[in-house]
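Everything below concerns the one structure shown next.
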Amino acid sequence: METKRYTVKQIAAAAADIKQGELIAFPTETVYGLGADATNPEAVKKVYAAKGRPSDNPLIVHVASVETVARYAATLSPKFKQLVETFWPGSLTIILPLKPNALASVVTGGLKTAAFRMPDNQVTLDLIQAAGVPLVGPSANTSGKPSPTTADHVLHDLNGKIAGVLDDGPTGIGLESTVIDLSVATPVILRPGVVTQEAIERVIGPIMADHHQVGASEIPKAPGMKYKHYAPNAQVYIIDQPAQFNEAIQWATEQNVPFGVMAVDDILTNQTTVRFKDQFSLGDSVVSASRHLFDGLRYFDLNPEVKIILVQGFTMVGVGVAYMNRLEKSAGQKHFQ
Ligand code: TXA
Ligand code: MG
C-alpha cells in the first residue's frame with residue numbers, strides 16, 4: 001500500500017478512507033495521531049499492528065463535540081464540564097468511566113474507562129465531522145520512537161503501513177497532551193503536558209499527579225507508562241545546568257565517537273572552548289524546546305554513527321514538567337554529572 005500525503009483540502013478523501021476502515025494519520029496541536037474509526041474494532045486492530053504497539057495499551061478517543069463523549073461515558077461530572085469549558089479544544093485528555101460495552105475492548109485495553117480528547121486543530125475536527133465517527137489516535141509513530149511532530153516523521157515510521165497522512169505542517173506544542181483520570185475520587189494526572197497541574201487546580205481544585213517512572217513489577221495506572229518511550233539509538237544525557245555544557249562536551253569529545261548537542265541558541269553560540277560536530281537548536285525557551293525536542297531526537301537518529309546526544313534540561317515548572325518527563329524517558333534517566 002502506498003501511503004498518500006493528503007493536503008488540508010482533501011479532508012473528504014481522508015474521511016472516506018476512515019469510513020472504509022483504513023488508517024489516516026491526522027494533525028493535532030500536540031503531535032500527529034494515527035486515526036481509525038473508534039467504532040470499528042477491525043480498523044482499531046490495524047492501529048496496533050501498524051505501530052507495533054502492545055495491545056494492552058488503551059487508545060485516546062478523539063471527538064469533535066462533547067455530545068459524542070456523552071454517548072459513551074457513564075456520567076459527565078461537574079468537574080468534567082468545567083475542564084472541558086476551560087481547556088477544550090486543547091491538550092487535555094480526560095479519562096472517564098464508560099457505559100457498559102460502550103466501546104470495544106480493543107479501544108480500552110479491556111478497561112472500564114476510556115480517554116477522551118478534543119484536539120485544537122480545525123483540520124482534524126473537520127475530519128472527525130466528515131467521517132461521522134470518533135477517531136482513536138495514539139501518536140503516529142512506531143512504538144518506542146519519539147512522537148511525530150511533522151508528516152515526514154509519520155511517513156518515516158509508517159510509510160506503506162497506513163492509507164494516508166493529512167499534512168497540516170509541523171505541530172505547535174510538540175509534546176503529547178496532559179492525561180487526567182477523572183474516574184477516581186481525587187483526579188490524578190497520569191501524564192504531564194502543556195495543560196499544567198496548577199492550571200487544572202485553578203479550575204477544579206486540588207488534584208494529584210502520578211507520573212513517576214513505573215518500575216518493572218508495578219502495575220501502572222496508564223498502561224503506556226510502563227513502556228520505554230522516545231528512545232533514539234544514541235544514549236541521551238541530560239545537562240541540567242547550562243554551565244555544565246563545556247565539561248559535558250569535553251567529556252563527549254574524549255569518547256571519540258560522533259555526538260550531538262541539543263540546546264537553546266544562547267548555549268550553542270557560546271561554546272567557544274570545544275568544537276563539536278553536530279548541533280540542533282531548541283530555540284530560545286522551554287516552550288520552543290518542547291516544540292523541537294522530538295524533532296531533534298529524530299534528527300540525530302537519522303545518523304547511526306551518533307552515539308551520544310547531550311540535551312539541555314529545564315527547571316520543572318510550567319511546561320518544564322512535561323518537557324523533563326519526556327526527556328527523562330528518552331535518556332533512561334541519565335543525567336550528566
Ligand atoms: O497529544 C496526544 O495525546 C496524542 C495526540 C495524537 O492526540 N495522542 C497520544 O496517544 O499521545 P498515546 O496513545 O500515544 O498516549 C495515550 C496515553 C497512553 O499512555 C495510554 O496508556 C493512556 O493514555 N490511556 C489511554 N486510555 C487510558 C485509560 N482508559 N486509562 C488509563 N490510561 C489510559
Ligand atoms: Mg504515544
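Placed from the backbone N, Cα and C atoms, the Cβ positions cover glycine too.
Listed in TrEMBL:
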type	residues	note
DOMAIN	8-195	domain 'YrdC-like'
BINDING	Thr30, His62, Arg117, Ser177	L-threonine binding site
BINDING	Arg53, Asn57, Thr113, Ser139, Ser147, Arg191, Tyr230	ATP binding site
Listed in sequence order, residues with CB under 8 A of Arg53 (ATP binding site) and six or more positions away: Val47, Pro138, Ser143
Where Thr113 (ATP binding site) sits in the secondary structure, as DSSP reduces it to three classes: strand
Cα-to-Cα gap, Arg117 (L-threonine binding site) vs Ser139 (ATP binding site), nearest whole Å: 13
DSSP three-state assignment for Arg191 (ATP binding site): strand
Contacting binding-site residues, sequence order - Thr30, Arg53, Ser177, Tyr230 vs ligand 1, Cβ under 6 Å: Thr30, Ser177
Additional residues surrounding L-threonine, by Cβ distance to the Thr30, His62, Arg117, Ser177 centre under 8 Å: Thr28, Gly33, Ile60, Ser91, Leu92, Thr93, Met118, Pro119, Gly137, Glu176
Cα separation, Ser177 (L-threonine binding site) to Asn57 (ATP binding site) (Å, whole number): 16
Of Thr30, Asn57, Ser139, binding-site residues neighbouring ligand 2, Cβ under 6 A: Ser139
Euclidean distance between Cα atoms of Thr30 (L-threonine binding site) and Tyr230 (ATP binding site), Å: 15
Closest of Thr113, Ser139, Ser147, Arg191 to Ser177 (L-threonine binding site), Cα positions, binding-site residues only: Arg191
In three-state DSSP terms, the structure that Arg53 (ATP binding site) belongs to: coil
Candidate nearest His62 (L-threonine binding site) in space, where candidates are the binding-site residues Thr113, Ser139, Ser147, Arg191 and distance is Cα-Cα: Ser139
Listed binding-site residues (Asn57, Ser139), ranked by Cβ neighbours within 10 Å, top entry: Ser139
Rounded to the nearest Å - Cα separation of Thr113 (ATP binding site) and Thr30 (L-threonine binding site): 23
